[in-house]
Amino acid sequence: MAIQIVLIVGPTATGKSRLAVDVAKRFNGEVVSADSMQIYKYMDIGTAKITKEEMQGIPHHMIDIVEPNEEFSVAEYEKRAKAIIKDIHERGKLPIIVGGTGLYINSIVYIMHFSDFEGSKEFREKMKKLAETYGTSYLYEKLKEVDPEAARKIHPNDLRRIIRALEVYEFTGKPISHYQKMSGMRKNPEYDPIMIGLNYKNRQLLYEKINRRVDEMIKNNLVEEVVNLLKIGYNKYGTSMQALGYKEIVEYLNGEISLEEAVEKIKKGTRRYAKRQITWFKAYDFIKWFFVDDYKTYEELRENIFEYLAGKLKF
């Protein structure tokens, strides 16, 4: 019989982590993160990682599992997350997958064959060296040649995603956009997914929330966090340090831009990322959307979601 899983998805800054904890408490569950940046140790502020206090004693998996200089593929995520889901289920608890990384979610709900593609660290290193020598734009032009569809969706300065798209094409012969299309993909029969999407009807409210969150990160010493990571010896060209919120602070520390400019770049980049996430999650035909601004309080939103889940879950 298929394992019932709850997935809580949506753009950044919509309150997914908080809701996941409440759902876990109400329905006897454990949380599995589906966030490609929260897997990294020591990167807490810039990734808006849930704190021990916020977890309220609920076990959280797939957080703080790799060093910032380590590579971590979707195939690796799929393998580990599926083993954890199985274990949670076998212990009689509800697996709750929460996060905004679309490919991580896809690796669970669809048959993706990610595990057939491990990629190549050598290839990624070679691409990073080319970017250091000729600039990110050189690789972006290459991507436009082999996968114009992916190039349209990826920002010209997003080195991490550019390299990933080139790598997929290099080793599978197919563009990454091929793997990102949900139409025609087969659902994974191992799972019976109940997917909840959190969003705002008023996009401006979401953008304001994002801006406030970035200001909070700066207040909570994001700059210091990046300084410490660089001191430990993590390379500014490493996968993790190319992440949104980190690469801009590195630019500031290198004297390339002011702190104000770095903050604005993070806000703009995060708003753009949220837009991409919304587009991605709208493609799921089995998602049930809940709009935060439809409710007067968080408690009202939470109770509505509890009611919906109670009608769907098989106890």
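In case you wondered, yes, glycine gets a Cβ from its N, Cα and C as well.
Here's what Swiss-Prot has on this protein:
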BINDING   Gly10, Pro11, Thr12, Ala13, Thr14, Gly15, Lys16, Ser17  ATP binding site
BINDING   Thr12, Ala13, Thr14, Gly15, Lys16, Ser17  substrate binding site
REGION    35-38  region 'Interaction with substrate tRNA'
SITE      Thr101  site 'Interaction with substrate tRNA'
SITE      Arg124  site 'Interaction with substrate tRNA'
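Known features from Swiss-Prot, placed on the structure.
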residue : record                                 : CB count, 10 Å
Gly10   : ATP binding site                       : 29
Pro11   : ATP binding site                       : 26
Thr12   : ATP binding site                       : 19
Ala13   : ATP binding site                       : 23
Thr14   : ATP binding site                       : 25
Gly15   : ATP binding site                       : 16
Lys16   : ATP binding site                       : 22
Ser17   : ATP binding site                       : 21
Thr101  : site 'Interaction with substrate tRNA' : 20
Arg124  : site 'Interaction with substrate tRNA' : 17
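Shown in sequence order, Gly10, Pro11, Arg18, Ala48, Gly100, Leu198 are the same-chain residues outside Thr12, Ala13, Thr14, Gly15, Lys16, Ser17 whose Cβ sits within 8 Å of the Cβ centre of the substrate site.
Cα separation, Thr101 (site 'Interaction with substrate tRNA') to Pro11 (ATP binding site), rounded: 9 Å. According to DSSP, the secondary structure content of the region 'Interaction with substrate tRNA' (35-38) in residues is 0 helix, 0 strand, 4 coil.
The ATP site, placed at the center of the C-beta atoms of Gly10, Pro11, Thr12, Ala13, Thr14, Gly15, Lys16, Ser17, has further neighbours from the same chain whose C-beta lies within 8 angstroms: Gly100, Leu198. Among residues of the same chain six or more beyond the region 'Interaction with substrate tRNA' (35-38), those with a C-beta under 8 A of the stretch's C-beta atoms are 46-47, 49-50, 62-64, 72, 77, 98-101, 103-104, 240, 243. Between the CA atoms of Ala13 (ATP binding site) and Arg124 (site 'Interaction with substrate tRNA') there is a gap of 30 Å.
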